[in-house]
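What follows is a single structure, written as structure tokens, with notes after it.
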Amino acid sequence: MWKEIGDREMGKIRPNSFSSWIKSNRISNLQLSNNKDIVSPHRGSINSLQVDLTEGRYLLSGASDASAAVYDVQRATNYEGNGLIAKHKCLFSVDKQHGKGHKYAISSAIWYPVDTGLFVTGSYDHYIKVWDTNTTQVVMNFKMPGKVYRTAMSPLATSHMLIAAGTEDVQVRLCDIASGAFAHTLSGHRDGVMTVEWSTSSEWVLITGGCDGAIRFWDIRRAGCFLVLDQSQSQLGRRPPVLARSAANKVSVSKSLSAGQNSLGKPRAPQKKYANGHGMKQLTIGRMPAKSSARQRLHPGMLSIQDRATAHYGAVTGLKVTDDGMYLLSAGSDSRIKLWDLESGYNTLVNFEMVRLQTSKAIQLAISQETAQVFVPCMTVVKAFDIWSGKMSLAFRGHYESVNCCWFSSQDQELYTGGNDRQILVWSPCEPMTDDTDTAHTKDQDNWSD
């Protein structure tokens, strides 16, 4: 540790590299926290967890007893055990006793991405409710055609305030907070939509996973989906870095330019002129070239072979896009985890170790970009896998029943998990042991005389 700090002071290590090293070291030492305890008021299984995206301070949870709660994870409510254990009780909760609360299980609870003044809950009672955090009152209701499995809002959006909702209906609906009405209805799935996820590189791209095993990509500015992932189309390994690809492109461009310069000395064949006075044949207006028309007919949003492609041999239960927006991780009821290259739409064939996943409900994945790890709820255990190799690096055992959701806080390098045992557990980096130099220094301080 002190060696790295010294190298950082001397400029041998770049600031970003030093920060990544510290974070990676903390994440590799995650364990069940002994000094931080979240007191859950829920009387049912925890189905959703999210820390706000603005301050990284307030944890929102939704449970199957139709209740939602908010906790302050940075300021404890009280301390126990001679001040060693920090208890974090909920700041407030809304449940069935609330006049306009949900009647059945809350399957999804998310923060409004801009600030903590609003949060959104989706429930099996067919309603999506928008809540005012300060007054704990419902400010907007959206009636859905069936049970709500998952809701999502884009963290990048500056031009819209849309809530994407996946329900047991085959259509994906976009609820507009600004107007209080449905803005879009996206049709394409052949069964219920269990999970939805916005792209982290574009505010207009939505990704949905259905019970039909399909993962579809939608540009909400146009009709129809523009990509359907096919598990039979694959490519080996990770895409080369951007710098390497740009260097290769520069080499190819320079070669083509040199070839073009060599061809300048050769005489050119006379170009035939047509009726329009140019050396190019004029295309008939309204007619498209054969290639583009064929490509248009094969658009995945239309009836084609690509439209029936599947990503899993069962329902898609979880989706998570990497922070750079280049890869997608998916989990299915076939107990498979897959990594997809979003530029090509291919399965990268990363062999994730054997897992056992829930099949009856959606699960919430989490990603640590610093260490390139994905946290997956696997029944009673949460497992951390390396994204590029698929090898399991960590296993978190602490829940007595199945784990439904997890959320990783990159600000504090902490992992929050919730399960059917009604508990919210905190996994934090273990405190480093004191070095011999530190103990010797304290002894010297004690032995000082006036």
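Cβ atoms here come from the backbone N, Cα and C positions, even for glycine.
Annotated range for region 'Disordered' in TrEMBL, selecting from 34-55, 254-275: 254-275. Under DSSP, the residues of the repeat 'WD' (309-350) split into helix, strand and coil as follows: 0 helix, 19 strand, 23 coil. When the repeat 'WD' (396-428) is classified with DSSP, helix, strand and coil residues number 0 helix, 20 strand, 13 coil.
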